[in-house]
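> What follows is a structure written as structure tokens; I'll ask about it next.
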Amino acid sequence: MRTLTILTAVLLVALQAKAEPLQAEDEPLQAKAYEADAQEQRGANDQDFAVSFAEDASSSLRALGSTRAFTCHCRRSCYSTEYSYGTCTVMGINHRFCCL
């Protein structure tokens, strides 16, 4: 029984390792398509939007004395080095708000 559990865990890790590079390769293609759509619609509805951080994220960084700024993007899914700080809406579609 223990051997079956270990083999299953190894199989799941191998599948996950194989799936992550596919997602990383697909991300630039999605970004290019998104940029093309955004450029087409930029002339039709030129709108500004504000980004604000929840108090817990920014105040905790200030309390630690960090001088590093957040770099955030609105994406379908966050990279492994990013954290999701909520959601954002672009052209009526909800995405994750991913920050480094």
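Positions of Cβ are set from backbone N, Cα and C atoms, glycine also.
Keep in mind the model is a prediction, meaning the values are calculated, not measured.
Reproduced below are the annotations present in Swiss-Prot:
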type	residues	note
DISULFID	Cys72-Cys99	disulfide bond
DISULFID	Cys74-Cys88	disulfide bond
DISULFID	Cys78-Cys98	disulfide bond
SIGNAL	1-19	signal peptide
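For the listed features, I'd like the structural context: burial, neighbours, distances.
Counting Cβ atoms from all protein chains shown, Cys72 (disulfide bond) has 16 others lying within 10 Å of its own Cβ.
Following the DSSP three-state reduction, the secondary structure of Cys88 (disulfide bond) is strand.
Its Cβ taken as reference, Cys78 (disulfide bond) is surrounded by 17 other Cβ atoms within 10 Å in the chains shown.
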> Near the Cβ of Cys74 (disulfide bond), how many other Cβ atoms are there if near means within 10 Å?
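Counting Cβ neighbours of Cys74 (disulfide bond) within 10 Å gives 17.
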> In angstrom units, rounded to an integer, how far apart are the Cα atoms of Cys74 (disulfide bond) and Cys98 (disulfide bond)?
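Rounded to the nearest whole number, the Cα-Cα distance is 6 Å.
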> Pick out which of the disulfide-bonded residues Cys88, Cys98 has the most other Cβ atoms within 10 Å of its own Cβ.
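The residue with the densest Cβ neighbourhood is Cys98.
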